[in-house]
There are 2 protein chains.
Amino acid sequence: MDKVALTQAQKEAYMREALYEAKRAQVIGEVPIGCVIVLDGEIIGRGHNLREHSQDATMHAEMLAIQEANNKVASWRLVDAQLFVTIEPCPMCSGAIINSRISEVYYGAPDPKAGTVGSLMNLLTDERFNHQAAVESGILKDDCRQIMQDFFRNIRRKRKKNKK
Amino acid sequence: MDKVALTQAQKEAYMREALYEAKRAQVIGEVPIGCVIVLDGEIIGRGHNLREHSQDATMHAEMLAIQEANNKVASWRLVDAQLFVTIEPCPMCSGAIINSRISEVYYGAPDPKAGTVGSLMNLLTDERFNHQAAVESGILKDDCRQIMQDFFRNIRRKRKKNKK
């Protein structure tokens, strides 16, 4: 079977699933970032940021989705898989994408402070590593950014209220 | 209490603990990389590479040590902690070190193919990220390199034997 490129509608449908994961983080007070991993049209891994609840620095959305996908296919290799994440990955998650051999990465909004898939550098296209991934950014960018902005605005509002 | 710099003997003692972890990986057929995390003179996290047994791409020595340390101190923040790892960290583990705010990183031998703490780049001293770690390499370098060389030589030998 030849690989068929995803349509824009398919990319947006998977990013909506990542946004749904982001909302699951939001409702429990975690920074709202979500991720899904797709293989042959099926979602094989899902994750949302759980850093505060777990008090574990490694529990980013992408890490949890990769771990679930590895478990699902019973292999650390996720060749031909596609990862959808609402915000540009950090170095840890970029490295996990390299380590798991994910083929394609789609993200919504950039992270100018810690993003390493285009903002500060691009680890996923660096040919010195033994794996590269195709990258496309900007899928449902406004929605992915908005849920983050609302979250942080809400925090500032609460802090202000508590000071009064 | 003022922070007291580690002596060379202390650094080597902790690296020997990381080497002990590497040997635990070696005996079960995993690439022999080990790691310990130290806080106030106490080892609060240990890990060795478990990628093949777990079939989980994220199960590097450093990741497991960080997760254990986070759990031990009940916080994702490992400020003032020291990480000892036998081989130079990859991008994923370098990123997890940044994310967990570890203060000092000591490694044995460099990884010229995937190391991002001096070889291909240095993510831990890049001031664009919101955290930097002090880095020292070369602690028990020969021992850390030797266990890797022995491991891969053994694999090549077995392959040759199977071909006959």
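Glycine residues also receive a Cβ, built from the backbone N, Cα and C atoms like all the rest.
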Annotated companion of A:C90, A:C93 at the Zn(2+) site, TrEMBL, chosen from A:H53, A:H60: A:H60
Tertiary neighbours of A:E62 (active site, proton donor) (same chain, Cβ under 8 Å, six or more apart): A:C35, A:G47, A:L83, A:V85, A:P89, A:C93, A:A96, A:I97
Protein Cβ atoms within 10 Å of A:C93 (Zn(2+) binding site), excluding its own: 35
Taken over the domain 'CMP/dCMP-type deaminase' (A:9-136), the model's mean pLDDT: 98
Of all listed recorded positions, namely A:E62, A:C90, A:C93, those lying near chain B with CB under 8 A: A:C90, A:C93
